[in-house]
Amino acid sequence: MKYDRILVRYGELSLKRKNRKKFVGKLTKNVRDALEAFPSVKIHADRERMFIHLHGEESAPIVECLKNIFGIQSISPVVKVDKDIDEIQKASLQLVQQFHQAGGSFKVVTKRSDKSFSLDTNGVNHAVGGYILKHIDTIHVNVKRPDIKLLVEIRHEGVFLSCETIQGAGGLPVGSSGKAMLMLSGGIDSPVAGYLTMKRGVELEVVHFHSPPFTSERAKQKVIDLARQLSFYNGKMTVHLVPFTKIQETIHQRIPSGYTMTSTRRMMLILADRIRAQHHGLAIATGENLGQVASQTLESLEAINDVTTTPILRPLISMDKNEIIAISQKINTYDISILPYEDCCTIFTPPAPKTKPKKEKIKAYESSIDFEALLEEALQSTQTMTVHINETAIDEFADLL
Ligand code: ATP
Ligand code: MG
């Protein structure tokens with residue numbers, strides 16, 4: 001039996017009454033973008049749920065795409081039949097036969113929103129359950145833990161049958177909570193931070209700092225590849241590549257060694273914040289985590305954060321490394337992250353960075369240097385590109401200003 005449509009149940013967004021219309025609109029757009037490769041499917045969304053009419057397309061690859069879209073709680077491929085108990089019985093049998101393995105169990109669950117239907121819920125359960133038992137010898141009923149749960153929904157427009165409920169990605173539709181800039185390094189953490197930020201409905205753009213010739217083209221490409229992997233959830237991803245060499249060299253030459261890392265982070269944050277303002281973002285997301293490295297003590301975060309009042313989203317702040325790695329494996333960024341290309345921060349890492357930097361000290365050190373000219377120059381030379389999960393060739397380079 002071939003499915004004719006897919007039922008999509010909304011996640012938390014059904015709780016957010018006031019914003020529901022906006023959320024459903026965003027989700028519909030995101031689903032439409034994700035299913036671009038299937039031009040014959042039609043999407044119909046209402047306040048309660050969404051139907052994707054397959055028009056002959058196979059359901060499995062479409063379900064795979066839907067599984068990655070935030071804002072979806074669950075997905076069920078369904079068959080629609082007329083409101084006629086004979087039809088319901090026949091189609092139910094065919095559907096259950098597809099999933100049944102000898103000795104397995106089933107259960108029928110009927111929901112009836114069309115109260116005018118001749119049988120009530122129990123009546124449908126019995127009629128359909130009895131029919132299946134009569135036609136499949138090796139099946140039995142188990143109401144508590146059935147192998148197959150056949151859902152029969154009797155609605156005004158027809159009867160919907162499904163056997164599968166596939167878990168969705170949860171969260172909120174990307175774009176429904178505004179935009180943030182993700183500071184993306186080539187490491188394991190920041191891509192995971194990006195994923196978790198998008199899960200809460202935040203649209204992302206990526207900011208990456210590179211320091212040629214100390215960092216190579218391959219290191220830059222690695223970050224672009226990570227951004228492309230994240231574009232899976234964003235539809236596409238805009239990447240801002242900021243040349244950072246002069247600033248890093250200046251910091252290296254002029255700031256006392258214990259403080260170079262703090263200053264580097266501060267300059268990165270200032271630049272990310274300026275790019276955020278230019279592109280109408282509301283926040284900055286990072287992969288910072290408490291306690292991993294010198295820059296990630298509370299004292300350090302305070303000294304770095306001092307350069308802006310923009311909200312900084314740190315979704316990994318309390319996670320253990322193995323939890324972060326598990327997510328990076330799930331979202332397919334891990335294998336890219338562990339490629340051994342140099343990062344601008346590691347190259348300039350001082351032998352003993354201060355774990356408890358003093359805000360006043362770093363401000364005093366920085367005040368003797370004309371960073372403003374260097375920051376402006378870095379912004380002027382920033383390259384902006386857009387990556388898409390299905391694209392390999394990118395030629396949308398354009399100067400930021
Ligand atoms: P990651 O695994 O994401 O590199 P990390 O554990 O190595 O993180 P740090 O090196 O202290 O931690 O970096 C903290 C955060 O600063 C990163 O998660 C990222 O958000 C940001 N960051 C670091 N280096 C860069 C860079 N070159 N470009 C953009 N953002 C960066
Ligand atoms: Mg790193």
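Cβ atoms here come from the backbone N, Cα and C positions, even for glycine.
ATP binding, as stated in TrEMBL, involves Met183, Leu184, His208, Phe209, Arg265, Gln296; the candidate among Gly170, Gly171, Gly287 given for that site is Gly287. Non-local neighbourhood of Arg265 (ATP binding site): Ser295, Ser300, Ile304, each in the same chain, at least six residues away, with C-beta under 8 Å from its C-beta.
Taken through DSSP, the domain 'THUMP' (60-165) splits into 37 helix, 33 strand, 36 coil.
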